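Only one structure is covered here, and it is reproduced in the block below.
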């Protein structure tokens, strides 16, 4: 069953409780250079992510109005646009927190889990990098936590599909491989961008997400 069908009933019941807003970065636009340039962050965060936020607010208002009129055909018509922009807002919000100019290391618990499942940290990075580089078109590479098996998993999703709603995996770390995330700096060499992004991975945030997922 598609993401749209699985989440339609939840979407129909949604009521706008307040406007979504662009999350403020915990670092300056130039702080991730030279891995991610100031120009890229200004465009990626300030324009692309802001567009998802604007579109999400607009479509939620339209859906709320359609639902109040019991126009379920209109709700269904709008739900694909809702899912796309909600996913874009959610995915980017995680992506910004997953990055940091401050060097960090995985927690002992996360490092152990990665080494148990991927043999080594180096092999994990290699596997997730290859998966991310191999995304056809636009999408995301993810490290997620399977709540049922209590295992880590890596996978890729297309466009702006949100990981947990789509797969049930709790998102821990993501690599944005939409062209707007790297093209101004890396042109069409996606692999170079993916290789470099590990140098600014915020392992404190990733480890905190893992610890929280283990407890829930």
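Yeah, the Cβs are placed from backbone N, Cα and C, and that goes for glycine too.
What TrEMBL says about this one:
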type: DOMAIN; residues: 19-100; note: domain 'Manganese/iron superoxide dismutase N-terminal'
type: BINDING; residues: 44, 92, 176, 180; note: Mn(2+) binding site
type: DOMAIN; residues: 106-209; note: domain 'Manganese/iron superoxide dismutase C-terminal'
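With DSSP states grouped into helix (H, G, I), strand (E, B) and coil, the domain 'Manganese/iron superoxide dismutase C-terminal' (106-209) comes out at 54 helix, 24 strand, 26 coil. In sequence order, 45, 48, 49, 95, 178, 181 are the residues of the same chain, not among 44, 92, 176, 180, whose CB sits within 8 A of the CB centroid for the Mn(2+) site. For the domain 'Manganese/iron superoxide dismutase N-terminal' (19-100), the DSSP-based tally of helix, strand and coil residues reads 57 helix, 1 strand, 24 coil. Long-range Cβ neighbours of residue 180 (Mn(2+) binding site) (same chain, at least 6 residues apart, Cβ-Cβ under 8 Å): 43, 44, 48.
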